[in-house]
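Enquirer: Heads up, here are the entries from TrEMBL:
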ACT_SITE  K10  active site
DOMAIN    66-145  domain 'GHMP kinase N-terminal'
BINDING   P95, S96, Q97, A98, G99, L100, G101, G102, G103, S104, S105  ATP binding site
ACT_SITE  D137  active site
DOMAIN    199-275  domain 'GHMP kinase C-terminal'
Amino acid sequence: MSITELAPAKLNLTLDVGARRPDGYHEITSVMQSAALYDVVTLETVETDDIVVECPGTDLPTGPDNLAWKAADVFFRETNIPRTGIIIRLEKKIPSQAGLGGGSSDAAAVLRGMRRLFSTNVSDEALETMAARVGSDVPYCVRGGTALARGRGERLTALLPLPMCWFVIVKPPVAHSTAVMFRKLDEIAIANRPDSDAMAKALEIGDLAQICRLVGNVFEQALPEDSEVFTIRRQLSRLGADAACMTGSGSAVMGLFRREETARLAARELEKSYPLTFLAPRL
């Protein structure tokens, strides 16, 4: 038996990072948003007791270091369902090391898919608890939509949906290591911080103009002035984006557009220089 789940990209409308905690994680505050750029995750049961991850055309790990593998393992452990063989096939569309949560979203899709595959009555809350054991962004990716995340990302508050808009997502050739970006952030003085609470209030009243003004990512302050991230931001603004910033720890940059046609034209122009350019409405 096999089932398929879509794993949407995660964007950060705001992202602030606090001090490193005793457990090694950082406190974060972020308004997160799903976008219609998807990996496709297929789960199939087989007559073994192995978890196998297949991800053709990539150099991603396929064993316990892969979050999708870890999600399947956690699901079996937490539900006490007799362990059976699972093949997890990942069709990757979301770029890696981009700050788009592709690995976390794949893991969340595995958890949702295994709940369906084994016809269990695991609640959404229990699934999010499992997700927190897999990775920091995985609980949000289980839930999706628009949400305020705190703690290391696992404490979620649902927010009213982002008004309809379109994202142009651009992944430059450079990749960002999340661990390295956190380390760089620890070494600098933060000049200003995105206001996630104000963003939540703007979402409550559906004020898209104010939402655009509040978009921001503290990780940008850890970048050199000549970073390609800033080049792409300027190009997005020139092409009509109402807001633009890096998402997650990068290196992808998102532009938020109120008008679909403007976004479509911007994506067409940017993909001439950046092949990994995507047009995605908000979910």
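Cβ coordinates are placed from backbone N, Cα and C, and glycine is handled just like the others.
Walk me through the surroundings of each of these features.
Expert: Other Cβ atoms within 10 Å of the Cβ of K10 (active site), summed over all protein chains shown, number 27.
Taken residue by residue with DSSP, G101 (ATP binding site) is part of neither helix nor strand, so it is coil. Using a 10 Å radius centred on the Cβ of G101 (ATP binding site) and all shown protein chains, the other Cβ atoms total 28.
Cβ environment of D137 (active site): K10, M32, G101, S104, S105, G153 lie under 8 Å away, each six or more residues apart in the same chain.
Confidence annotation: the domain 'GHMP kinase C-terminal' (199-275) carries a mean pLDDT of 98 in the model.
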Enquirer: Let me check the 10 A CB neighbour count of G99 (ATP binding site). How many other CB atoms are there?
Expert: 28
Enquirer: Reported in the order helix, strand, coil, what are the DSSP residue counts of the domain 'GHMP kinase N-terminal' (66-145)?
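Expert: The domain 'GHMP kinase N-terminal' (66-145) comes out at 46 helix, 7 strand, 27 coil.
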Enquirer: Do you know the DSSP helix, strand and coil residue counts for the domain 'GHMP kinase C-terminal' (199-275)?
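Expert: Going by DSSP assignments, the domain 'GHMP kinase C-terminal' (199-275) contains 41 helix, 11 strand, 25 coil.
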Enquirer: Beyond P95, S96, Q97, A98, G99, L100, G101, G102, G103, S104, S105, what residues of that chain have CB atoms within 8 A of the centre of the ATP site's CB atoms?
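Expert: Not counting the recorded site residues, we get A9, K10, I94, G248, A252.
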Enquirer: What is the number of other Cβ atoms found within 10 Å of the Cβ of P95 (ATP binding site)?
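Expert: Step by step: centre on the Cβ of P95 (ATP binding site), count other Cβ atoms within 10 Å, giving 20.
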